[in-house]
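Working notes, structure below.
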Amino acid sequence: MANLVPKKYNFSTVKGITKKQLEEHYKLYTGYVTKVNEIWGTSVDAKSFGESNPTFSKMRSLKLGETYAVDGVKLHQMYFENMTGGNNKPTGGILNLIKRDFKSYENFLEYFKSVGLAMRGWAILAIDPLDNKLHVFGSDAHDVGAVWNSIPLLILDVYEHAYFMDFGTDRKKYIDTFIGNINWQVVNDRLKKYNMIKTVMVSLRTLDNTSIYPIWNLSDNE
Ligand SMILES: [Fe+2]
């Protein structure tokens with residue numbers, strides 16, 4: 001039986017989004033935690049699933065629910081973490097990478113907002129080991145559009161449940177409010193972890209050249 005416990009967040013630091021909206025959103029998150037515990041607590045006895053089928057079967061239901069719930073937990077944890085705690089001024093390594101990969105901070109914001117308006121679930125700023133560059137991925141649901149081995153740095157929830165109580169259909173205003181609440185220190189800390197892993201991978205290459213493939217695409221001089 002899995003025993004995940006919902007994480008706590010200091011919603012009192014969030015400006016422009018009501019406590020009620022945030023608390024109702026948090027309730028949805030705790031529901032995903034409960035479901036992950038339930039799903040990961042189910043039997044792995046293969047015979048208990050009967051015959052599997054891609055249209056309808058016990059195993060299919062479990063696997064669809066599993067990715068939805070697990071991604072729902074992870075995405076909400078990163079979202080709540082990167083919108084609480086202050087530190088709202090973009091700075092440090094992430095700002096440098098944004099300017100490198102998106103021309104300017106202002107252009108990045110416009111691009112990020114545009115992805116948030118285009119999708120039904122999530123806008124995700126990530127750094128990908130394939131090219132070691134920033135990308136904004138879009139997702140229509142927790143379990144749709146995930147990119148394997150990509151490291152998420154900044155998560156924006158654009159499900160209607162994230163803003164409808166406060167903003168109605170004005171998603172643009174919600175996204176602007178979210179951007180004003182981004183904790184850039186959290187984003188920078190995630191980037192630092194990526195760089196630490198990358199450093200380890202580079203050092204491992206001298207021991208075992210195959211160990212970094214295909215997760216990391218590094219040039220010979222890295
Ligand atoms: Fe959400």
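Including glycine, each Cβ sits where the backbone N, Cα and C put it.
Sequence-distant contacts (6 or more apart, same chain, Cβ under 8 Å) of D157 (Mn(2+) binding site) comprise H25, L75, H76, Y79, G121, W122. Feature annotation from TrEMBL assigns Mn(2+) binding site to H25, H76, D157, H161.
The annotation domain 'Manganese/iron superoxide dismutase C-terminal' is assigned in TrEMBL to 91-190. Averaged over the domain 'Manganese/iron superoxide dismutase C-terminal' (91-190), the predicted model reaches a pLDDT of 97.
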Q) Long-range same-chain neighbours of H161 (Mn(2+) binding site), Cβ under 8 Å, sequence gap at least 6? A) E24, H25, L28
(Q) Just to be sure I understand the packing, how many Cβ atoms besides its own are within 10 Å of the Cβ of H76 (Mn(2+) binding site)? (A) 26
Q | H25, H76, D157, H161 excluded, remaining Cβ within 8 Å of their centroid (Mn(2+)) | A | Y26, L28, Y29, Y79, Y159, A162
Q. Looking only at Cβ atoms, how many others are within 10 Å of the one on H25 (Mn(2+) binding site)?
A. 20
Q.
Treating G and I as helix alongside H, and B as strand alongside E, what does DSSP give for the domain 'Manganese/iron superoxide dismutase C-terminal' (91-190) in helix, strand and coil?
A. 50 helix, 21 strand, 29 coil
